[in-house]
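Have a look at the structure below, then the notes.
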Amino acid sequence: MHDRFLRACRREPTDVTPVWFMRQAGRYMAEYRELRKKYTLLEICKTPELALEVTLQPLRLGMDAAILFADILLPLEPMGAPFEFAKGEGPVIHEPVRDRAGIERLRVFEPEEGLGYVLDAVRLIRKELDGKTPLIGFAGAPFTMASYLVEGGKSSDYRLTKQLMWSDPEAWSALMGKISEVVRRLLRAQVAAGAQAVQLFDSWVGSLSIDDYREHVQPHVRYILRDLEATGVPVIHFGTNTGALLEAQRDAGGTVIGVDWRTPLDKAWQRVGYDRAVQGNLDPLLLCAPRAVAERRARAVLEEAGGRAGHIFNLGHGIIPETPVDTVKAVIDLVHSIPRASLQGEPDR
């Protein structure tokens, strides 16, 4: 197997820095846009053969890992909170959950029953990859999932989410407990189906203060991540705008800590500790900059990592649809062209 990515997750030396990108399969690729002319996003997610096709599409660019094509909100439907993707609006939850009665109605389900198509896709992709490229599974983290449920979709300030968290901590804990159990089971099931690493996406957790994170979120994330340790697969713990939360994220768990572009990678690694691998952290919009600028800034990220074992090159969030494929390929090629040993920095430890 081409295991550069998995070796880096375990902080083992690699020849060059491994690279993959969040949303590496998606609308920036012409072949994906062609597929979307025939199928909706949910149709692709719910059809294992289509999820396989989309998962494999970007690998021609040279990524060191494949990531399952799915959506973090898929568990909401079997939990009893159906949603749709409204054009121009993003996800819309038809019946937001904002009180104890709504929380009580949410179901904790078995993944093979509620999300069997996701696990079928994992099995299909793993078989097709045939050991050539490792497969990453994923799920949304409890706070991000809860914010969608409470807000009814995207939010600019998470006002309703925070109001519930502060006004009724017991109800909030019950909501987070149900989501955490669903996420734990789903990630466990993905590993059993063949995922060789998993990522927990906490896209909106950066809206919280460190105190609120530690009190209202960290225990639930820790529950998931500590359980996953028993599987033996690497777990990537990722959030955006989490510069104030890095130490708390580390304490919650994860083999690898994902870092966004707002915090310099060298400073972030010092804070989480060199006993963890780190992932990141190019600003995704730099892939829309002139190629020379993108390459220069990518090299700067590598230099901040200092050649230390345990760095996985990625973006600070997902690739945006307007990104030129040629620039994505150029950055991947650049990362792979620089021997890790040639980068100045601390020795492996």
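From the backbone N, Cα and C atoms, a Cβ is placed for every residue, glycine too.
These figures come from a predicted structure and were not determined experimentally.
Going by Swiss-Prot, these are the annotated features:
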BINDING   ARG23, GLN24, ALA25, GLY26, ARG27, ASP71, TYR148, SER203, HIS317  substrate binding site
SITE      ASP71  site 'Transition state stabilizer'
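Within the group of binding-site residues (ARG27, HIS317), the Cβ with the highest number of other Cβ atoms inside 10 Å belongs to HIS317. Sequence-distant neighbours of TYR148 (substrate binding site) (same chain, 6+ residues apart, CB-CB distance under 8 A): LEU73, LEU76, PHE83, PRO91, ILE93, GLY140, LYS154. Ranked by Cα separation from ASP71 (site 'Transition state stabilizer'), the binding-site residues ARG23, ARG27, HIS317 are led by ARG23. Taking every protein chain shown into account, ARG23, ALA25, ASP71 are the recorded positions, and of these the Cβ with the most other Cβ atoms within 10 Å belongs to ALA25. Binding-site extent for substrate: residues ARG23, GLN24, ALA25, GLY26, ARG27, ASP71, TYR148, SER203, HIS317, maximum pairwise Cα distance 23 Å (rounded to the nearest whole number).
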